[in-house]
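First the structure, in the form of structure tokens, and then the observations on it.
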Amino acid sequence: MPGAGAAVLGWALLAGALLPPPPVRPQPLPHGDRDVHQKEAQFNTTYIDWVDANLLNIYAFNHSVRRNTTEGVRVSVHVLSDYKNRTVLFVVRQKEAVVSFQVPLILRGLYQRKYAYKEVSRTLCQPQTKAEVETQHFYVDVSTLSFNTSYQLRVTRVENFVLRTNERFSFNATAAQPQYFKYEFPEEVDSVIVKVTSAMAFPCSVISIQDILCPVYDLDNNVAFIGMYQTMTKKAAITVQKKDFPSHSFYVVVVVKTEDEACGGPLPYYPLSKDASPDEPVDQHDRQKTLEVMVSPAITSEAYVRSVLFCLGIFLSFYILTLLIACWESCRQHKRKGLLAAMDSPSLDTGHSRSIPDSFLNHGPYDNYGYGSFGNGSSSSTEGITDSLASAEVSYSYMGQEQFKRRTPSALTRPLSIAMGERSLENVAGRPRLDSLSSVEEDDYDTLADIDYDKNVIRTKQYLCVADLARKDKRVLRKKYQIYFWNIATIAVFYALPVIQLVITYQTVVNVTGNQDICYYNFLCAHPLGNLSAFNNILSNLGYVLLGLLFLLIILQREINYNRALLRNDTHALECGIPKHFGLFYAMGTALMMEGLLSACYHVCPNYTNFQFGECPPSTPHTHTGATTPPHLRAPPDTSFMYMIAGLCMLKLYQKRHPDINASAYSAYACLALVIFFSVVGVVFGKGNTAFWIVFSVIHIVATLLLSTQLYYMGRWKLDSGILRRILHVLYTDCVRQCSGPMYVDRMVLLVMGNIINWSLAAYGLIVRPNDFASYLLAIGICNLLLYFAFYIIMKLRSGERIKLIPLLCIISTSVVWGFALFFFFQGLSTWQKTPAESREHNRDCILLDFFDDHDIWHFLSSIAMFGSFLVLLTLDDDLDCVQRDKIYVF
């Protein structure tokens, strides 16, 4: 029934209209309907008031602003209510800026942790004025959506808001009470360095340099938005240039972080009660830090020019000194040639017309010297030599002749004294040398074991001479050792190009983002130039390049003189002295130049990711645990090429007495690549990894034993499937069946000492497991290089040889320079084993010309020391240039 339904609906509506309405929660009135209390307020007066949802308090302030004077204004508020959920909003309205913040102020930390601060202070951004004197007004609005909440408000003027040059100013800051100050460049100053220090490492803080703009980003969650910034524990320093700020002024902003994790401190305990929500903020109570700021002028453009000229002058003086020494040596050679020509000796059988000093015709210094043995058991050895020589028939040819001659048994069965090395120069000059056709390649024979005649000589002679290991054709050896140079040149190109691209990218990121925690500089002595942040650290690497180039020029001159002597069929060049091969020297000079180039690239932005390119400590990155690592655990410049330089130096020492059986370039660089691979693996995975250290220690000990065997037997052994059987046979015959001493006593003693040192290093690594694995690995290489060099010097002196004046002076001066260089190296001005803030604790001021720091001096001295070390290797055996090769012993 339609009528009945309408009646029911009508009665229902009428009943609903007569019922009382439901209770409604009171809502805050709109701004126009709120009670607005505005009052004139005064500076340095504390206002204690209350506010609720229906009340808006406005405090009106005014102050006079002068065009040439800047005053800082600071607003401090404190919510007196104990209820954490009752927040009060403060809005500061200025002529050209608005600042708003709530109290309690909620700031977030790591893992979105919340921290509440009930006391907040903010410095107001001061707009510029064009009038001589202007009265500016600003208002502080206080409102809330909560119930009745009490608060405290105070507005003050900031003392020393404008920083003065070379004046220190102390202040306090917290995470909710940041501070910032203004600095204006004087007319005569183009750049300044802002230094901030603190006696306390924690709480962690951030130093920011911002342009004069409003608003100022002075909270932990926005301080990195603009400008340049650094994290800080005890020290921070930022170099600021006038050209980067159009107004010729900037703000120094200091913010205390909510947590210390970014500075290497421990992550705080985050207390949670049973009834508390995980999102409930934590009150950090009094997290305050006292700091001191000072702005001082940086160096002028004249200092840059003076420092560049100083750097060039030091290293170009080596060129002048080298030229003078070369002139002196040339005069000496001319005089010596005149004396030799005056002697007018008869021509040799080979057609040479050079005159030879009488000393060459006598016995050498090795005659009657029981080299490395007890002096008995020689007869059987000489008999074996005679027998093997008598039965050998090998094709030989004279240097410079086209026809081949065949040795006859009568020519080979010469007297015993000649077979043992007591040959006159006539016999040496007349001795045929193994020739190779132009089709012979390096890989046709790589050791003397592939040549039947030479194999007999080597296996039967107890004491090898250099002549026995210098039988290959010079063209084959020249090609073999030239590969060292071309390989390292290729490696350098492929290594340098990505490095340059990488560091340019890093420098660009630093310049664009302003994040100065990316690069680990010595910020107290980092002088920018153009887009480079630390030009002084780059300039100081110039010595590696210039001295490496000088070394290459010296080698080139020596090679030219040697080739001219060969063209003249000079008997000294053909049959005397250590065989001259220059490929490894060229590789060493190139490595020294690349050392400087890549070290300079590394110093564009030194950090953990590019340690293999440059010189700072390759080690594990910081773990934010607060654990400290000694700042001096650093790796020398450019670790990769330092490995190569150490390896090339050892190869060159070995090549001097073993010219025919030295390692090929491919195997040598493969071993160096394996070393660099272990370095990277150790850096990334070696920290605290027991399995890695066990494997590495075993490899270290086995490699030491293999190298010792190679040196003791002078290469006369093979590593094959029968090695264990031969070892057992030697142990049985020498230790069980009869107890006999070592054949080479001197060599055995030195090698035992070397093994003790290497085994001790292996045990140290296995027990201590140092964090800086790459420095540990480099220390092993350098120790072994020094051991081998000492072994070479001792064996050289024990063999009756001498060290001439020039190499002796090089050894002494190089040792002194190395000592001073290491002193400056271990100063440890920065280390990326720690956080950037902790690394800056080791920063120090410049010590040379107000431009170079300790590490720059390390660059200077180490480049000179490396150059001197190369000269030692180059000139060490110059005393043998007039000694027959069959009178120079192998060791």
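Residue positions begin at 1 at the first shown residue.
Any Cβ shown, glycine's included, is placed from N, Cα and C.
TrEMBL has this to say about the protein:
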SIGNAL    1-26  signal peptide
TRANSMEM  304-328  transmembrane segment
TRANSMEM  484-504  transmembrane segment
TRANSMEM  538-556  transmembrane segment
TRANSMEM  666-685  transmembrane segment
TRANSMEM  691-713  transmembrane segment
TRANSMEM  748-767  transmembrane segment
TRANSMEM  773-794  transmembrane segment
TRANSMEM  806-826  transmembrane segment
TRANSMEM  857-876  transmembrane segment
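Sequence-distant neighbours of the transmembrane segment (857-876) (same chain, 6+ residues past either end, Cβ-Cβ under 8 Å): 311, 314-315, 318, 537, 540-541, 543-544, 547-548, 550-551, 554-555, 558, 585, 588-589, 592, 595-596, 599, 636-637, 645, 649, 652-653, 656, 792, 796, 803-804, 806-807, 810-811, 813-814, 817-818, 820-821, 824-825, 847-848.
Comparison of 304-328, 484-504, 538-556, 691-713, 806-826 by number of C-beta pairs under 8 angstroms to the transmembrane segment (748-767) places 691-713 first. Within the same chain, the transmembrane segment (304-328) packs against the transmembrane segment (538-556): three or more Cβ pairs sit under 8 Å, each pair at least 6 residues apart. At the 8 Å Cβ cutoff, the transmembrane segment (484-504) and the transmembrane segment (666-685) share at least 3 close pairs (sequence separation 6 or more) and count as touching. When each of the listed stretches 538-556, 666-685, 691-713 is scored by C-beta pairs under 8 angstroms to the transmembrane segment (773-794), 666-685 comes out highest. Among residues of the same chain six or more beyond the transmembrane segment (691-713), those with a C-beta under 8 A of the stretch's C-beta atoms are 678, 681-682, 685, 719, 744, 747-748, 751, 754-755, 758-759, 761-763, 765-766, 769, 780, 784, 791.
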